């Protein structure tokens, strides 16, 4: 059975250190319908405040010695903003350990701001919270608006009618943020991903807003449609819903009026009357029909047209609230659990194979549109289509960007702490839930669902991660999602350990691995391997080693020496110290055995990039190859996309936004049309992730030894089918491999255009896996593949020509002048003035291997602020600058 799911400028106040000077400034809000962010905060530890909270909550108190920060930020983010701590210093080596926990863990912090208001007759003021971690007392002008027992939960958003507390002229808002405990509170933590921030994310991490209205207050609009591909195509019925609240003292008759605005200057009016008694709240619906709707598609499948719903509330001809705006897209999500107990998704009627990775927030929960835009550009550049947010829902801007770019989002709550404090959870550390947690969970789910509802990028919400919620919590979550007209999948967890009665099995598997496994693992038929079928909700080989220039930014000379001389040492920039992943012992054992003991940091770094490229490419390729099997793969989430701070694993690009070999392994493995090598079957698979491309294809298969001598040459031909994979033929000549051979697959269409170029380095014998002794994070290897003959490769002479095309593009020509391969050529774009690596940077390909006398051309784009030069190096290619 298929489950069908049917379906928004902040003014800056110029503030001096003397807060009382704010009074003459223009009002923060002054007209009905105006909605503004509290523009900034004065921050101080309660431990360093001599005055009472009560007195500090009145206008005019002197807080000139407090820290001044922006409109949202945790305590640590605010202290960094003020230069109390320096990020470069904090992140270097183990300096993070020196942060004084005593200043944070048991201490509340005060956020204070003054602003001007000019309240008038019949006007009402509402305070909106969206994320205070994890509890707060809220005061306005000496009145406690809410206690920590009400304002509780890092994701719980609330609205407070503060009309009776506002003053004409200066006003003061004071929020006391209580210290967060991940195991006790419904907060947002980092599990074992990295060291915990000393403040545990305490503070006003999302905006606080103030709105002005008449007696009728509106919620943001929600939008549902009856769009069904193949059923309703020429017209779509659309419903706009809003929650209308009479906060006045008498019965009011009024109307909601607005428009649906489309991309082609479409403007359709919508309206509905209402009658509300004092204090009453109703959900009002407005219906209209859109002719020939513009349908929203994931990035590689089509365009991302967006509509806008705009509504206002009127009492007679007087506006009481609005306009409230939300952008939305018209699309159709379906999900089901198939006969193999695997979840399958469809988007607009097409089978949607998830290729994604797990996102991490910044360690101090800092957020910028610029950074998330770059991260999402990298996601698309790698060929991925989905990002998983495990308890890291971030801010509305993230979903706006995903909508515009066509990236699907799987959101949900996090594992291992209080969110999963269930009696049957034998692996987590969270305290058990009590009666007070369920209302917080309800408020959290309502708020997040309201924020996400109109976003077409939402694919699913996971109400559990490693463990499913109990039936009481499940009912609360599902009721809240449905109350907010949820139009995407609701999934009980990311694993198959169990499920709540209401939702049934999740169809997702969480069988690992999380640490290194060889490329051949992914073509196996057990656990997390693709041959076992399924949807891998979080899995990977634990790779993501930054290149040396990045390592030097956060590791000392001794730290870097430890990397290659002490393979079993616990490393501070791995996972948290209590984690299984606190060292690189499993990874290094394989590196030493497969590629040889490193003789320098440079040697270690190069071999690590080889390991990482192999690891990510094989994972994405195996899952793609087996998506058309009888027990199909339906998607995977690589663990992880990006780090919360500078780290040594679980990433596809580093903290400084520099792509690594793991990035380009992914980019190769996730190509929309692709030819891949199955390590287990020694065969070629033809992959098609597009929803429309078809026709004749050819794969040229070449196998050579390390001296460049041909071992086999053949051409395989087949017709490709959209959204399908197919096995072609076995690779010939592998029996002639005496040490290490190179395999090149070149996929072309019927016009001879190259669609994919893919090079493997293959040992004489593959790694031997000990499946029977697998753990939740790793499958041991009893015999490692021998790739050490690569060290015998003769130096290759590679000619490099560059053609700079304007200020943001360059074409690079690489030609191997030698009679043997030029292996694993790295291209690094540097700023001419500083010598620093250019980021963000988008290469068509990188870490490439050239056949004897082969020539290829690669393009690169980058920000126009840089004058660039190119560094070229490789496994057997001398480093040079061009």
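All residue numbers here begin at 1 and follow the chain in the order shown.
Every residue gets a Cβ built from N, Cα and C, even glycine.
Summarising the annotation, Swiss-Prot assigns signal peptide to 1-21 and lists sequence analysis as the type of evidence. Per Swiss-Prot, the feature N-linked glycosylation site maps to 86, 200, 234, 237, 287, 442, 688, 773, 816; the stated evidence is sequence analysis. Here Swiss-Prot flags 466 as active site, proton donor. Annotated active site, nucleophile per Swiss-Prot: 538, in sequence order.
Shown here: features listed in Swiss-Prot, placed on the structure.
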| residue | record | Cβ contacts under 8 Å, 6 or more apart |
| --- | --- | --- |
| 86 | N-linked glycosylation site | 80 |
| 200 | N-linked glycosylation site | 104, 105, 133, 179, 180, 181, 182, 187, 189 |
| 234 | N-linked glycosylation site | 291, 292 |
| 237 | N-linked glycosylation site | 225, 226, 287, 288, 289 |
| 442 | N-linked glycosylation site | 476, 479, 480 |
| 466 | active site, proton donor | 415, 416, 420, 425, 427, 428, 493, 494, 495, 497, 510 |
| 688 | N-linked glycosylation site | 672, 673, 694, 720, 721, 722, 723, 724, 725 |
| 773 | N-linked glycosylation site | 779, 780 |
| 816 | N-linked glycosylation site | 796, 797, 798, 822, 850, 851, 852, 853, 854, 855 |
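All protein chains included, residue 287 (N-linked glycosylation site) registers 11 other Cβ atoms within 10 Å of its own Cβ. According to DSSP, residue 237 (N-linked glycosylation site) sits within a strand segment. In the three-state DSSP classification, residue 287 (N-linked glycosylation site) falls within a strand. Within its own chain, residue 538 (active site, nucleophile) has 358, 388, 390, 494, 510, 514, 637, 639 as residues 6 or more apart in sequence whose C-beta sits under 8 angstroms from its own. According to its DSSP assignment, residue 816 (N-linked glycosylation site) is in a strand.
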